[in-house]
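Down below is the structure, laid out as structure tokens.
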Amino acid sequence: MNGLVVGFTTSLPLLMIIGPIALMVVDIGLTDGVRRGWPAPLGIATVDLLYGSVAATAGLGLQRLLGTHRSAIGVAGGLTLLVLAAHLLVHARSTQPSCTATASTDSGTAPRHPQAATGRAPAGLAARFAGLCAINPLTLVAFASLAVSAGANIGPGWVVGIVCASLLVHGGFLVLGDTLGRVLTPALIHRGRLLGCLGVAALGVHTMLGVL
């Protein structure tokens, strides 16, 4: 039980950091809502389960190995963030509201929660988010550090705690997106997406500069 509590409480602040994955989950909530977007947090939690298990098994040895390649991992992580920022930008431009929609919302028409244009298969959506989460090497570095700090509490319960925290946080981001999709106009949603792209790109540049 101690391991579960430690895994949950130590990973919760890390998972609550607003990064590209969090923004993508919010965006799924905006476009698909909770009813269609629920597989996204499951896909992310699957990767967190995998990386958490690796970190729990390897522990200090993994942290030392990753530490010897700190610069390379930092650059790779920064480039990954830039790629994700580009992905977010392409998505934002593809979902840019039309002039007619913008005019109608600016004139005071109440916004509607957007519906998904095409039905996404649950397994496909989960796999997409699992892949997006898995490509960032900084996730494994963070979990390795958490594993070392957990000490004697490391074990299966610790990994379960991480998975529970992941489901709670990313499920919360999905609900947030669903709620915002019901109250924000398409124009405001589009501007928010563009700001998110800039934020992720800035984080990627900052990550690379920090190790160079």
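From the backbone N, Cα and C atoms, a Cβ is placed for every residue, glycine too.
Annotated features in TrEMBL:
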| type | residues | note |
| --- | --- | --- |
| TRANSMEM | 12-30 | transmembrane segment |
| TRANSMEM | 42-66 | transmembrane segment |
| TRANSMEM | 72-90 | transmembrane segment |
| COMPBIAS | 98-108 | compositional bias 'Polar residues' |
| REGION | 98-117 | region 'Disordered' |
| TRANSMEM | 129-152 | transmembrane segment |
| TRANSMEM | 158-180 | transmembrane segment |
| TRANSMEM | 192-211 | transmembrane segment |
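The stretch in 42-66, 72-90, 129-152, 158-180 that contributes the largest number of Cβ pairs under 8 Å to the transmembrane segment (192-211) is 72-90. Distant neighbours of the transmembrane segment (129-152): 3, 6-7, 10-11, 14, 20-21, 24-25, 39-41, 43-44, 46-48, 50-52, 54-56, 58-60, 62-63, 66, 73-74, 76-77, 80-81, 84, 158, 162, 207; these residues of the same chain sit at least 6 beyond its ends, with a Cβ under 8 Å from one of its Cβ atoms. Here the transmembrane segment (158-180) has long-range neighbours at 3-9, 11-12, 15-16, 21-22, 25-30, 33-34, 37-38, 40-42, 44-45, 48-49, 52-53, 56, 113, 143, 146-147, 150, 189, meaning same-chain residues at least 6 beyond its ends whose C-beta is under 8 angstroms from one of its own.
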